[in-house]
Amino acid sequence: MQPTVIETWPAPAKLNLFLYITGQRQDGYHLLQTLFQFLDYGDTLTIQPRDDDQINLLTPVDGVENEQNLIVRAARLLQQHCKRHNIHPAQFGADIRIDKYLPMGGGLGGGSSNAATVLVALNHLWKSGLSVDTLADLGLQLGADVPVFVRGHAAFAEGIGERLTPANPPEKWYLVAHPGVSIATPLIFGDPELTRNSPVRDLETLLNQTFVNDCEAIARKRFREVEQLLSWLLEYAPARLTGTGACVFAEFDTEFAARQVLDQAPEWLNGFVARGVNVSPLQRTLSGQL
């Protein structure tokens, strides 16, 4: 059966349900333990294969040159890999549009998710036949978070984020909010007060403890908007930072409870409600076509 041409592909958000910094390598990279879960919410990519080798991003993202955008870089990386390995699909280019809902610098993995969706979608649409492992290895060249999106299952990550173990945390509802600022990851990881000596623990131990993000204290100290947002959310539910920020999230057992709090939110709060899912919307879309 020939793969069906799918034009619309999800690029879901992720949350770091916890994030512990356990050390730092000599090359400066931080060692961590984190738990990734996807949201049933994110950007949408519309992809139309081309008969030539042009990669066209038809909806430029403000502040990002097209050739530097992870969407274009992912497509070109896949092209180059196919050429090197004498894989010559009949269709080898693409016109790509993005409907952008996830904030840049928000800690929701938007850019990494976009890259992963391009790798997975074009592998399918071009009929390249590459394995998930190969796509994940390509994704790692684009960013440490790309492989988890390629693999499409919630995961416990260790090392510098490259060692992934599938996990099945509870699928709760989340109120995710953006404080209106963008936080550059190096700003957090470069702070001398960042905790870098959290003990290494196994996943079972971590799942039975209160979830913490070691980056949160630094984000709250440096950005009053993050402090204000977390302080408000914590009045209603457990809440914390995702990634290095700037987005924060509060967890609820039901959609109704999450929406009740969002309905009470002050005007300055910009947020949405979404469900945590252990199988990503991208994986569900792909599985429905094979």
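Just so you know, the numbers here start at 1 and follow the chain as drawn.
Positions of Cβ are set from backbone N, Cα and C atoms, glycine also.
As given in Swiss-Prot:
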- Lys14: active site (ACT_SITE)
- Asp145: active site (ACT_SITE)
- Pro103, Met104, Gly105, Gly106, Gly107, Leu108, Gly109, Gly110, Gly111, Ser112, Ser113: ATP binding site (BINDING)
Once near-sequence residues are set aside, which residues in the chain of Lys14 (active site), 6 or more away, have Cβ atoms under 8 Å from its Cβ?
-> Phe36, Gln37, Phe38, Leu39, Leu108, Gly109, Ser113, Asp145, Val148, Phe149, Thr242
May I have the list of same-chain residues other than Pro103, Met104, Gly105, Gly106, Gly107, Leu108, Gly109, Gly110, Gly111, Ser112, Ser113 whose Cβ is within 8 Å of the Cβ centroid of the recorded ATP site, in sequence order?
-> Ala13, Leu102, Gly243
For the binding-site residues listed (Gly105, Gly109, Gly111), most other Cβ atoms within 10 Å of the Cβ sits at Gly109
Can you tell which of the binding-site residues (Pro103, Gly107) has the fewest other C-beta atoms within 10 angstroms of its C-beta?
-> Pro103
Just counting, how many other CB atoms are there within 10 A of the CB of Asp145 (active site)?
-> 23
Relative to the Cβ position of Ser113 (ATP binding site), how many further Cβ atoms are located within 10 Å?
-> 30
